[in-house]
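The active site annotation in Swiss-Prot covers Tyr107, His114, Lys145.
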Amino acid sequence: MIVFYLSGDRVFSTDQNAINGLYNKRHFGKLVEGKLFLSLLEATYLVERGKIEVREGKRKLTVEELMNLGRERDELFDAKYLVYKDLRDRGYTVKSGLKFGSHFRVYRRGMDEHSQWLVWVLPENSRLSPNDITARVRVAHGVRKNMIMAIVDEDADVTYYKVEWVRF
């Protein structure tokens, strides 16, 4: 079992098996100075699947404890996790979309050089202004990506909507 250690709002490992298997082959995390860092979303997903364990000191953390840590830091953590999990389970590579004003960048199966989609996660009861939608679609269009809205309902089902410019 590959061991990761909690460090703030992410986890890390220096295990070469983690770096080779999770980063190089399956495109999880970010490699910084010989350490593989995973977000809490990635760590929760991998712990839930029995691929890694996360420790805080010597204590092993459960999936629920990781979920609670995520919830403390992000009120949308549950919705984001459902979308992250759904996309990963479908075989897509999912990375942070922060620098593009979205929650995720999503790559086709495998890992192309450029992501195909930007995904914005919203609970179904969210209120959206036309300006919010326009701004996000404009950014996606400007970086040649498709904008996807992932709506999570109260039954934890995810529905995806592609939002794009239409020219007449």
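Note that Cβ sites are derived from N, Cα and C of the backbone, with glycine treated the same way.
Annotated features, which come from Swiss-Prot, shown on the structure.
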| residue | record | Cβ within 10 Å |
| --- | --- | --- |
| Tyr107 | active site | 19 |
| His114 | active site | 11 |
| Lys145 | active site | 20 |
According to DSSP, folded down to helix, strand and coil, what is Tyr107 (active site)? strand
Just to verify a number: CA distance, Lys145 (active site) to His114 (active site), in angstrom, no decimals. 9
